[in-house]
Amino acid sequence: MEFSYFIYQLIIGLSYSMLLFLIASGLTIIFGLLNIPNFAHGSLYMLGAYFTYYFLKSIPGLPFGLAIVFSVMAVGIIGAVLEFIPLRKIYERTHALQLLMTFSFILMIDDATKYFAGTDFLSIAIPKLMDGAITLPGDREMPIYSIFIILCGLVVAYLLWLGLYKTRLGKLIQAGTANKEMLSALGINVPRLFTLVFILGAILAGMAGGLSGPLKAVSVGMGETVIITIFAIVIVGGVGSLKGAFIASILIGELNTFGVVFFPDFAMAFTYILVIVVLLTKPEGLFRSR
Amino acid sequence: MVKKQITRREFVKVVGGGAMVAGAATFGVPTLLRAANKPIKFGQLNTTSGIMASQGVPAMRAAQIAQDFINQSGGIMGRKLVLVQEDDQVKPSVGVRKFRKLVLEDEVEFVFGTNSSGVGLACVPLANEFKKIFISTSMSDKYTGANCSPYVFRIGESTSMASKASAYCMVANAPDVKKWAGINPDYVFGHESWEFFKQGMKDKKHPVQYVKESFSPFGCQDYKPYITALLESKAEGVFTSLWTGDLINFIKQAKPFGFFDKVKVFVNNTTAVATSIGLGNEMLPFWGEARYYPFYRDSELNRKYIGMYQKKFGGYPAADTGAECFAAVLALKLAIEKVGTTDTPKVIAALEGLEFEVPEGKKWIRPEDHSGIDEVVLLGKFHHDPKYPFWVYDPKTYFTVPGKELAMPLDQTGCKMAKP
């Protein structure tokens, strides 16, 4: 096999990895601090895509980037409502109950979406500026939008890293992920911190949904199709670890891409083999932060 | 305390009178009237939640149109038709549970539906166990092959018909394309579609080379590796049986690679107009085949079907499963009226060999294996026509194959039909 083809597939894989990271980052932060396995994260991702579609449709000439910003705000508000009313009542309960509640969010959000948006597929076009591809050595095309996704992933990773490691709020989140009791002992308003973090997670999910729009059919249930892979990333990376989510996203994205291209009969298995290997050798995940 | 005594005479009078009334209620004239007015219940299983809701909801709606259509014109033998609709969640286990519920709790007399053959085939043993007619609206050839049974019908096009027709169309319209590749969903439907497409090429003795066979998981999120591998294979023609959101995802992700300029032809065996509605302006000129295409046949029934659907739900009856649900309800009505009863063995006999008109044309149910055979199977190449709100087949490209030519010869179906 040519070396250039290998590099090409590496870049193709990276664009999938970064999309996965955008979704997984919010989930791992929520899971880490709030200790809630938020199954409805995929639904917030779906809402991001729907809102982006409707903002683009109802405001002619609205730039794609601005549509994402509006959509992220809308999903953030929904995240706040979910956290503020039902979720904060069950922080101390068992995971089973939390899972059940976040699962009920999926059903409610799905049904509400069906009610307001119908069940037809919707489609967001690739923004004009990013339509098309650049030609790489070996006469192979690399879609500009996929390069854009890679950049988005890297920028978000960098900003989150800055936010988590260089700001007071970030340090509180880290401290809380490691030891929750310590936070309230220090006089921190923990419920408010939790709300903020849940909104941050929802915003990340919403943004990932909006950015996925041009690559996928916007439809009810699109969240459920990603959530298992996203949980696999969070578990492989280590619950609550941003670095872990980043590395695991790259691993799973590239494994999937190389699997499909070079070992198509086993492509599906690679992700799960990775999960099993990590669970057996490092049950806490690669970079567990507590 | 005074006890009220009941004399023997009074006792006889009360009990006897009651018995007489009860007897009249059971055997008398009012009962006959009541039975005649009792609604006939049909049970439906389709997927209205999750990723397949875009297919199942229109299927439910199309069946409701059939229900209105029948009830507005006097019902079935004067009895009202009532649909009991259940979501199978595209899970065989749920489908089976709901099938039981429909039969045991709702006491429906007939069952039809499913969007996925995985769910429908899981229901076949129940149809046999309960001795209830089950009309599949999913496409597997197995309903009328290895799994065939007196109680099971598949009255729409099968996977083999759709895939072979796609091959015939390509032989006629793209005879120079010799290097073919496939991208199909990695489950029974995808694998069978690809095999039958190759069979279709063989039927026409068309010399082709297969340069890439790929199968992607249902609900695949990232098609880029498949797309790049297909391009690397230098295929000139690509056949796909991807459908619903998967097809849209594939097209959206392939387009920026210049995929549709690099391959000469792209043909799909399950392109309901739902795909072109979903893609809007991003639609592309490729070849599609669907069990129902709204604009081919200008018949009164088709106009009525589309008109009633638009009036009740808005939009077009876009999912082709919907038309099969409509057809299933209609077939049952016609069969029941033909024999004047809902008695299962008699209705089976009436369905066998039934010829009837549906929105997409005429259908015939082959008695030996219970396979529905359409008058024609239609393909067309999508183009933009300002008359329609979404891309439609270019009428100049209509390509039809008679259903009888596509139907699997009886000695090859593998069906050994038992007695009901």
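From the backbone N, Cα and C atoms, a Cβ is placed for every residue, glycine too.
Any TrEMBL annotation is an automated prediction that lacks curation.
On a predicted model such as this, the values are computed, not experimentally measured, just so you know.
Annotated features, as they stand in TrEMBL:
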TRANSMEM  A:6-31  transmembrane segment
TRANSMEM  A:38-56  transmembrane segment
TRANSMEM  A:62-85  transmembrane segment
TRANSMEM  A:144-164  transmembrane segment
TRANSMEM  A:193-213  transmembrane segment
TRANSMEM  A:225-252  transmembrane segment
TRANSMEM  A:258-280  transmembrane segment
What stretch, picked from A:62-85, A:144-164, A:193-213, A:225-252, has the most CB pairs under 8 A with the transmembrane segment (A:38-56)?
A:193-213
Who are the chain neighbours of the transmembrane segment (A:6-31) in space, where the CB to CB distance is under 8 Å and they lie at least 6 residues beyond its ends?
37-38, 41-42, 44-45, 136, 138, 140, 142, 146-147, 149-150, 152-154, 156-157, 160, 173, 197-198, 200-205, 207-208, 211-212, 215, 226, 229-231, 233-234, 237, 239-242, 244-246, 248-250, 252-254, 256-258, 261
Using Cβ distances below 8 Å and needing 3 or more such pairs, separated by at least 6 in sequence, tell me whether the transmembrane segment (A:62-85) contacts the transmembrane segment (A:193-213).
yes
Go through the chain and flag residues at least 6 beyond the ends of the transmembrane segment (A:258-280) whose CB is under 8 A from any CB in it; none is fine as an answer.
1, 9, 13, 229, 232, 235-236, 251-252, 286
